[in-house]
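Working notes for the structure below.
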């Protein structure tokens, strides 16, 4: 198992020193979903939610969240993001909204947390916008799908869970 880099020799939490690492192009993709009732999904699809365009607002919320990750996750480095894409789409078969975020930077550390935060906040935004009509919504399957760049290279999730999260 890999060493926990956010702990010092005494086991105390610390922000990792990345000063000596080279700047490289980094990419991370994360996914998640919000399961809801069929009639709630229909409201979203038809643009009839009382609070407005759920898909557009969730997209923007995810982008904003990626940019503010270091303010939310205590040991994350503030990063100069070069690209953030958040896609929110309806899935009629599974009665859910699927969320995917792709985040890029040229930096000394990865953007996995930014991608995961984008998905989580987009999902929470969906819940906030629709809770008046469907308090039973479920947010789940928030996971890293892929990361590239840096010393550890490329990693991709290859299990069934990732395929089902699409």
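Every residue gets a Cβ built from N, Cα and C, even glycine.
Taken from Swiss-Prot, the feature substrate binding site applies to 75, 76, 77, 113, 114. Counting only same-chain residues six or more apart in sequence, the Cβ atoms lying under 8 angstroms from the Cβ of residue 76 (substrate binding site) belong to 69, 70, 113, 114. Look at residue 76 (substrate binding site): DSSP puts it in coil.
Under the three-state DSSP scheme, residue 128 (active site) falls in the helix class. Same-chain residues at least 6 positions away in sequence with a Cβ under 8 Å from that of residue 128 (active site) are, in sequence order, 51. According to Swiss-Prot, the active site annotation covers 128.
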Remaining residues near the recorded substrate site, that is with C-beta within 8 Å of the centroid of the site residues 75, 76, 77, 113, 114: 69, 70, 73, 78, 79, 109
Under 8 Å by Cβ from residue 75 (substrate binding site), counting only residues of that chain that are 6 or more apart: 6, 13, 14, 15, 16
Local backbone state of residue 113 (substrate binding site), from DSSP in three classes: helix
C-beta crowding around residue 114 (substrate binding site), within 10 angstroms: 26
